[in-house]
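Comments concern the structure below.
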């Protein structure tokens, strides 16, 4: 990590260098200056350089704290303004100009820009890099390798402190700015890369300086050996993040943590002198990381006694985890780190809360832990395993403070939107007119079975509010075969166990929305197959079911669902107290209609299923259109990057001074 020497009685060197220090060498000059100078003059020179370096680090700290302060002030100012707007129908004198300025700014900053998830993120990264550049290249003699190496050594150390601070799971920024650790991950990566670049410059400058002074012996002293080990450890940390992480997450995580520990410890041995203050910063960095780990471990141990996870396999690689204990502050949409020793003894993985009664997670199988978990659940369905959780984590706008909530999900991203929707419905006050527009795109019809219970909850929840559910199945065949009568079957997938119903399956040709060029990556990034939009414009409208329904066999129910998919549409009409199930072959298409719950004691519920890809931009615009200016709209999304880009750009166009207050929340790792 650093390459300069340590103090001895023989002479002075690079005092005040970042992770470098004084060097031995008799009458030779070290640290970029002091040749031919007396010992007293050298000490004075290095003391001055130390003082300048410390002052520059204070400027760096002020710059970083200033960035944080901007976010803190903006967050609490907007929160206060929103609270005043909700509590008072009359507008305050400053409300109009404040609203116009903030909306115009947000309209620009929330848009997607190349290499960044939004313009705001790009602006923040630019500001942070600018602070680093200003501190690195001001008040330093750029003609001296020792001086340059010293400055970049300091910058390596302070950037490493920022890296760890941004990686804390229990970060104070979650409260101060409403940005929790996963939304700070982008800046964590940027600061990590900057720390690595500074380390390379620091090492290169001092190596060149010592070799130029013919002081190779300094490079084999124990302090310099510690620096070399530290440097290669942080090189491994960087490689694991940039190369291994996309390929093998578990290996990345282990190497990232292990080499980070090695790097920090060796850096402390490289600069053990407390007078130079480098080791103090390193100890503070290690203490932050260790404290966070202790808090997380204590929380996991607290929820471990008498806690179990029941695992159930779901179609197409899904797994449902149901925990016995429900931790405090568990809300739908937040996430926990789940520990199941039977699957991985030394790993905890983050999963989004879908339901809290009981605590439930829906997990999509990828590699490593999720793959092994699904294999185990498939081999032992309903198995009960010892488990614990750490959390909750995650921040998002409170949905009950909005008049309309637009939720957009692709594939497994529905874990977040279902959790947020149920969270909102459970907490709505009596008389609330909040409307929830739920848009979910899946690849296979069987994927709907992942959230069968939660679809039913949205349709039948005994709470205020209006819920419009729009489901899209991207892989639906084109030619509808004839359908034939079937007997009663156990309901699976979109069925609802324990009730009775009358079903009528019909081929329709109505269209609920235009189709857009959203790639099928919205549900599977590896799926590039495209279907003509005109061949997949069928719509199935599923009315809420208000009466008892029949219990059907799982095999035939699945066949029925496949026939619905083959027909590309299904219209299901519920009738209380009936026990017959009829499938009609090629009936005439019914007129376009919206089925709603007619129970006067229950708010209106609409449930629509469409074969094909949605025009997400149009759906969002239609949902926000017509909302009065004095109301608030929350647009929340979770899914693949292509979907998130459309949601961001579309929502940005809806943030207008003459429209409703529109808030955007994109739930994605690393912003």
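Note that Cβ sites are derived from N, Cα and C of the backbone, with glycine treated the same way.
What TrEMBL records for this protein:
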REGION    1-36  region 'Disordered'
COMPBIAS  8-36  compositional bias 'Gly residues'
TRANSMEM  59-81  transmembrane segment
TRANSMEM  121-140  transmembrane segment
TRANSMEM  152-181  transmembrane segment
TRANSMEM  193-212  transmembrane segment
TRANSMEM  224-244  transmembrane segment
TRANSMEM  251-272  transmembrane segment
TRANSMEM  278-295  transmembrane segment
DOMAIN    287-399  domain 'FAD-binding FR-type'
REGION    486-550  region 'Disordered'
COMPBIAS  521-538  compositional bias 'Basic and acidic residues'
REGION    581-611  region 'Disordered'
COMPBIAS  594-603  compositional bias 'Basic and acidic residues'
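Under DSSP, the residues of the domain 'FAD-binding FR-type' (287-399) split into helix, strand and coil as follows: 31 helix, 42 strand, 40 coil. Between the transmembrane segment (193-212) and the stretches 59-81, 224-244, 251-272, Cβ pairs under 8 Å are most numerous for 224-244. If you take every residue in the domain 'FAD-binding FR-type' (287-399) and average the pLDDT, you get 94. Beyond the transmembrane segment (59-81), the same-chain residues lying 6 or more positions past its ends with a Cβ under 8 Å from any Cβ of the stretch are 95, 98-99, 102, 124, 127-128, 131-132, 134-135, 155, 158, 162, 173, 176-179.
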